[in-house]
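Listed features, source TrEMBL:
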TRANSMEM  B:6-26  transmembrane segment
TRANSMEM  B:38-56  transmembrane segment
TRANSMEM  B:62-84  transmembrane segment
TRANSMEM  B:91-109  transmembrane segment
TRANSMEM  B:144-161  transmembrane segment
TRANSMEM  B:191-213  transmembrane segment
TRANSMEM  B:268-288  transmembrane segment
Amino acid sequence: MRIKLQKSLAPNLVSQTLIPIVAILASLFFCAIFFVLTGRDPVEVYSAMFLGALGSEYGISETFVKMIPLALCGLGIAVAFRMHLWNIGAEGQFYMGACAATWIPLSFPNLPFMLMIPTMIIMGALGGGLWGLLAGWFKTKWQVDEIISTLMMNYIGILWVDFLVYGAWRDPNGKNFPLTAAFPQSAMLPTFGSLRVHYGIFFVLLIAAVLWIIFKKSKWGYETLVIGSNPVAARYAGINIKSNVLLTMFISGALCGIAGMVEVSVVVGKLQPGISPGYGYTAIIVAWLARLHPIAIIGVAFLFAIIHVGGFMLQTMGMPSATATMLQGAMLFFVVGSEILTKYEIKFTSSKEGEKNE
Amino acid sequence: MNETLLISILAASITAGTPILFAALGELITERAGITNLGVDGMMLVGAATGFMASVTFHSPWLGVGVALFAGALMALIHAYLTITLRANQVVSGLALALFGSGLSSYLGKAYVGMRPEQTFEKLPIPFLSKIPIIGPVLFKQDALVYLSYALVLLAAFYLYKTRAGLFLRALGENPAALDAVGINVFGLRYIYVVIGGALAGLGGAYLSLAYAPCWLENMTAGRGWIAVALVIFALWDPWRALAGSYLFGGIDALGFHLQVLGIPVSIFILNMLPYIFTILVLILVLIKRGGRLAAPQSLGVPYDREER
């Protein structure tokens with residue numbers, strides 16, 4: 001008897017959902033070994049994270065607060081990744097969206113709520129969208145690798161926000177802190193009662209539903225999928241790749257920009273440095289783990305929000321909150337590594353037959 | 001601009017460019033072997049953190065360098081296993097490595113933030129050579145690791161273009177099936193080069209924490225690993241061009257610092273943007289010059305699968 005991996009012809013739904021779950025459990029186990037080696041009790045670490053995120057009303061609310069930007073950026077990233085357009089500039093698009101949206105309450109503080117919020121959303125989408133579009137334009141015009149350009153533009157976008165809040169946009173009454181003036185009430189999305197969790201969650205649900213329909217039903221959704229999996233076939237089918245790259249980068253960036261708008265509008269209530277603790281990067285993992293499926297992204301974003309909020313709890317144990325980043329990176333390793341298993345099935349063959357097949 | 005200032009800017013360009021040079025050389029070798037590893041920044045960070053920790057604990061910067069090389073190699077081994085053996089998506093695996101490295105280095109290095117090492121790499125002027133006007137103080141009044149980087153560029157260029165093993169390395173990225181057909185172990189060789197690439201990224205990180213800074217800070221690479229990835233592309237996978245590119249970036253770093261010292265009123269944030277803007281610009285210029293074709297290794301990013309030969 002020997003065990004042999006054989007290519008399976010049709011993807012198997014059970015293995016496609018089961019294998020990622022096993023991979024995530026395996027990554028938790030891997031990190032547990034690492035915690036033991038560095039002198040920590042993994043049970044204590046994980047239970048602190050779990051209770052921190054889900055053990056209280058405050059924790060649950062915080063978990064939803066973190067889920068919202070992760071899901072919005074993850075959805076934006078999924079739009080681009082589906083056509084193998086590696087937009088890893090969500091972080092920069094988030095900052096540019098936040099920055100563009102901030103311009104509205106700073107310049108027109110007296111707008112009523114019903115006018116303020118929609119213009120801020122549009123500005124957020126434009127800020128992030130144009131930032132993404134620029135990278136798309138570099139790609140279509142000069143074949144600049146979008147991985148490099150979007151990544152470089154992350155740093156530029158973050159520094160641009162620093163430049164504004166340390167300079168022209170600094171609140172004159174802010175005791176010299178690098179912050180803009182606090183937004184008027186009319187520029188803030190409502191929250192649920194006294195909790196911090198806010199109406200941004202409706203954005204997540206709405207955008208995920210729309211994308212799900214687009215991906216599944218629309219011609220454009222299908223075209224982008226074809227471009228991603230087989231650009232040659234796409235070209236023969238007469239699909240305009242250039243305009244699709246531009247459109248996709250704009251939409252992808254716009255969704256990340258809306259995430260930035262939501263964050264400054266309600267969670268922070270002003271523009272300041274460090275509005276994102278790396279949501280744009282974590283969202284890449286979220287999108288990939290969810291296999292770019294819009295509804296699954298919401299679920300994975302919630303899981304990662306638990307890890308994120310739990311990560312803050314670890315600081316009380318003297319561990320850096322970046323421990324959460326490490327866990328998330330490890331999860332991606334295991335899921336990426338296990339992907340081959342979904343393409344294969346395990347066959348038990350007699351040893352003679354096994355050798356013949358090689 | 002007077003001569004002393006010019007020399008000091010040029011010398012600072014070399015120092016600032018060296019961590020990028022180590023990392024870019026590593027990525028160059030990795031990509032020549034046909035594997036893209038986007039995790040350079042993560043490997044640099046782990047190299048910087050572990051190198052610093054070892055150096056402080058054992059009072060030996062050279063031991064720190066050794067540990068950083070080893071840590072970078074281990075990180076790259078994960079990528080090699082995922083992309084070569086399991087044929088995983090190289091882009092995503094590399095991104096995972098970058099994130100994992102950023103988290104891991106923060107986790108490991110937390111207790112060491114703000115420490116000053118007792119011993120670092122000091123400037124070691126080379127006798128005679130350092131007395132040459134301008135070139136001497138710029139090139140030969142550096143620390144030992146900078147001299148090591150000169151040697152590595154020479155070695156890499158010689159190996160790549162003049163040796164039989166180097167020919168195989170180039171073929172590995174161009175046409176692995178041909179190598180396989182003549183009985184060369186494609187998988188094994190790719191493993192070796194990916195691991196070497198990781199060790200060099202770790203060394204680049206160690207240069208930051210042991211010679212350039214010298215200290216450990218969370219995410220202290222500030223994206224230098226990503227700049228190294230871009231650099232390999234517009235260096236067209238050539239060690240000498242990578243050397244020139246690294247010093248150009250070092251120069252932008254150094255220039256920003258000197259402008260501030262001279263009291264020229266430019267915002268620090270705009271100055272800090274320059275390397276990133278410059279990366280995109282240079283990439284565009286090279287692409288325009290080359291008509292959009294970069295002559296990347298043909299099989300770069302394509303997992304080698306015997307079943308699909």
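Heads up, the Cβ atoms here are built off N, Cα and C, so glycines get one too.
Tertiary neighbourhood of the transmembrane segment (B:191-213): same-chain residues 15-16, 18-23, 25-30, 32-33, 35, 37, 40, 43-52, 55, 61, 64-65, 68-77, 79-80, 83-84, 117, 120-121, 143, 145, 152, 169, 172, 220-221, 224-225, 228, selected by CB-CB distance under 8 Å and a gap of 6+ residues from either end. Sequence-distant neighbours of the transmembrane segment (B:91-109) (same chain, 6+ residues past either end, Cβ-Cβ under 8 Å): 36-46, 48-50, 52-53, 75, 78-79, 82-83, 216, 218-219, 225, 301. Panel annotation: around the transmembrane segment (B:268-288), residues 223, 227, 230-231, 233-234, 236, 245, 248-249, 252-253, 256, 259-260, 294 of the same chain, lying at least six beyond its termini, place a Cβ under 8 Å from a Cβ of the stretch. Residues 14-15, 18, 21-22, 25, 28-29, 32, 65, 121, 124, 126, 169-170, 200, 203, 207, 210-211, 238-240, 242-243 of the same chain lie 6+ residues outside the transmembrane segment (B:144-161) yet bring a C-beta within less than 8 angstroms of a C-beta in it.
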